[in-house]
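Here is what Swiss-Prot records for this protein:
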type     : residues      : note
SIGNAL   : 1-21          : signal peptide
CARBOHYD : ASN40         : N-linked glycosylation site
REPEAT   : 115-157       : repeat 'LDL-receptor class B 1'
CARBOHYD : ASN140        : N-linked glycosylation site
REPEAT   : 168-211       : repeat 'LDL-receptor class B 2'
CARBOHYD : ASN188        : N-linked glycosylation site
REPEAT   : 212-257       : repeat 'LDL-receptor class B 3'
DOMAIN   : 367-399       : domain 'EGF-like 1'
DISULFID : CYS371-CYS380 : disulfide bond
DISULFID : CYS375-CYS390 : disulfide bond
DOMAIN   : 402-438       : domain 'EGF-like 2'
DISULFID : CYS406-CYS416 : disulfide bond
DISULFID : CYS410-CYS426 : disulfide bond
DISULFID : CYS428-CYS437 : disulfide bond
CARBOHYD : ASN431        : N-linked glycosylation site
DOMAIN   : 473-510       : domain 'EGF-like 3'
DISULFID : CYS477-CYS487 : disulfide bond
DISULFID : CYS481-CYS498 : disulfide bond
CARBOHYD : ASN491        : N-linked glycosylation site
DISULFID : CYS500-CYS509 : disulfide bond
CARBOHYD : ASN551        : N-linked glycosylation site
TRANSMEM : 553-573       : transmembrane segment
TOPO_DOM : 574-664       : topological domain 'Cytoplasmic'
Amino acid sequence: MRNLGIAVTFAVLLVIGYVTALEWDAVVTTDSGILFFDKNWTQISSGGHQFHHISAFAYDEVKRKLYFSDLKDPSFRIFSLDTKPEEEYHKVAKLLPKSDQTGYITGLAFDHLERKLYWTEKGTHSVYSVEVDKLGAPANATDGLINLVAQVEENHDLAALTIDECRRHLYWTNSYLQTSSIVRAAMNGTVLDDHKEDVYEPRGISVDHYNNRIYWVEKKYGRAFTVESANLEVQDRQTFLRGEDKIPTHVSPNSQYLYWIDQEDGEVHETMKSDSKVTRVVYKGSRPSALIIRSGLLVEYQKNNPSCKAVVSEIIDNVRKESSEVKDVAQAVTSKPEMITCLNKGILNHNTNSCICLPEYQGTFCEIPICNNFCVHGECVVGADSRPMCKCHAEFEGERCDRNICDGYCLNNGRCALSATGQRSCTCSKNFSGARCETAICTSDYCYNGECFVENEVPECKCNVGYRGDRCEEYTCNNYCLHDGTCILNNDTMLVECRCGSEYTGKRCEIPKRFCSLDNGNPEMQQYCEGVAIAKNLVEPQVTYCKNSFNRTVVYVSLAFTASLVTLVTILCTVRRMYERNRPRITKRFKVTNNTQMTSRPATQCEITIENCCNMNVCETPCFDTKILQKSATKAEDKQFLLDDIESIAGSYRKLPSCVAEKN
């Protein structure tokens, strides 16, 4: 009877406890308690101020309860906080007492289907679960409620935990340095994937049901950190964010942003999921440890998701069944009527006295069509995640078709136009070019000393006074005045002029003044010669010689005599050469018969020229015998010597005394 009375009292409180407080969208646990924020990250309330070391956090969106663990509490390890009415923000229920085997709870996650709370303990290296609706009894009555889900090795540090309720999977992180990993397991604890490659001290982890991915944070080597992402099978890994000098501990996504905690500077960061460079700090204060972004994701937005439809339907059936039971108990003790009525086939959740709407409706009473005035220039449809989506007209884009596709497309005052196929094109202003008019034709540094203007889509330069060149890069006075003339700028005409020296005149000091005495009829020369003193007529200079100088006539005669002498000697040598006796040239032919030994190539007869033997031994060849050449002999004698030598038995050498001696 006592337990029934408690249940009835609790049911009555649920019915009459209609939510009057401001709705919160985010909650952050800090050293000074639990802080509640609206969608603009303005703090609207706080609670649990007696807790200063909250280590883990989970949320029940059906009953709107927060579950958390505090490291320093001596008696209990899990607590709950009711977030429905404002006056309940400070009402904390003690759910699970500590025991001798209790370890340091590092992660909490809530399963709406089985209404179980899962957690990881660092000291016991274990994953546990418990049915939360059975908690709150005396300590000795909770021993049999706790279920051991998984036991990991001692060299594993369980750091965080999350649940994919739609596909019924658990994910936890192992932050031990040598064995760091991301683990995917079944709800009964059976490990399905243990991803270790390039994982270093992972910490907080969360499931993004909007994109079917998981996010986790890693404390990298030294000062670095990363926020990593992978699909639900822990594949297709991507580094979402990289940075330094921060200590990220927790991560939580919504449809557009990813929120993560930096314990180094006590900040909560908001980073756009589509562009990680777009980030801002939404909270800075007491040391944050965990956060939850409340979006009604499971019950409100996953009703049409094929992967979640069956699970969500079963959750709603459980809520309907429980609401009927609570309603019957409440009507038995009070005649107070229902405070709200759900429209458009909405379901009343008696636990929270609020409506669970169909996908097409929203609002407190499900009175607002979700597509009502949502699309500005397009048609609205309800997506698989129960969110409104727009099919925009050809000229518009954006989440709500509220932006013309030409807005901001053409830069630098370019005009945008649409083709028949909906393609954008730009007509650029005079000084710009490119597909979006993004390129300036005249840049600031094109003309060095002048003003740039566009002529036929080509940059041109109007030079400042005193400069010239295609890009005004040359000073006009450079090498302008010749013959050491001085270049100056005329202040009246703004043109350069030359101040010439005493010997020159002309526009550029190019005319010698002595030429001005010549009357050549050149008008250009005459205009520069006006006012120039006329010099005397040019005459042939008189040459005088000193008395002690040399006599050139003597020199010329000496040179002529020497040349004549050389010529005479040359003639005499030539004549002497012509009259010298020639060397004899004797040719004799030998006719070779069949009885003669062959000494040459086969032919009718073999011939040999005597002079061809001159390259033989000097004793065998008379033509190069130096003694014979020096001996005075008549031509007939010399010829006879050669003939005798050829016919000798020795063959081809002469019977000279020197050669005979050499033979002996």
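Just so you know, glycine gets a Cβ as well, placed from its N, Cα and C.
Here the features listed in Swiss-Prot are placed on the structure.
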{"residue": "ASN40", "record": "N-linked glycosylation site", "DSSP class": "coil"}
{"residue": "CYS375", "record": "disulfide bond", "DSSP class": "coil"}
{"residue": "CYS380", "record": "disulfide bond", "DSSP class": "strand"}
{"residue": "CYS416", "record": "disulfide bond", "DSSP class": "strand"}
{"residue": "CYS426", "record": "disulfide bond", "DSSP class": "strand"}
{"residue": "CYS437", "record": "disulfide bond", "DSSP class": "coil"}
{"residue": "CYS481", "record": "disulfide bond", "DSSP class": "coil"}
{"residue": "CYS487", "record": "disulfide bond", "DSSP class": "strand"}
{"residue": "CYS498", "record": "disulfide bond", "DSSP class": "strand"}
Across the repeat 'LDL-receptor class B 3' (212-257), average pLDDT on the 0 to 100 scale:
90
Cα of CYS375 (disulfide bond) to Cα of CYS406 (disulfide bond): how many Å, rounded?
18
So, three-state DSSP: helix, strand or coil for ASN188 (N-linked glycosylation site)?
coil
If you compare CA-to-CA distances from CYS426 (disulfide bond) to each of the recorded positions ASN40, CYS380, CYS390, CYS481, which comes out shortest?
CYS390
Who are the chain neighbours of the domain 'EGF-like 3' (473-510) in space, where the CB to CB distance is under 8 Å and they lie at least 6 residues beyond its ends?
448-449, 465-467, 516, 525, 528-529, 532
Report the DSSP secondary-structure composition of the domain 'EGF-like 3' (473-510) as helix, strand and coil residue counts.
0 helix, 12 strand, 26 coil
Name, in the order they occur in the sequence, the residues of the same chain whose CB lies under 8 A from the CB of CYS406 (disulfide bond) and which sit 6 or more residues away.
GLU395, CYS416, ALA417, LEU418, ARG424
Count the other Cβ atoms sitting within 10 Å of the Cβ of CYS487 (disulfide bond), across every protein chain shown.
18
Counting only other Cβ atoms and using a 10 Å cut-off, which of the disulfide-bonded residues CYS380, CYS428 scores lowest?
CYS380
Using DSSP and three states only, what is CYS406 (disulfide bond)?
coil
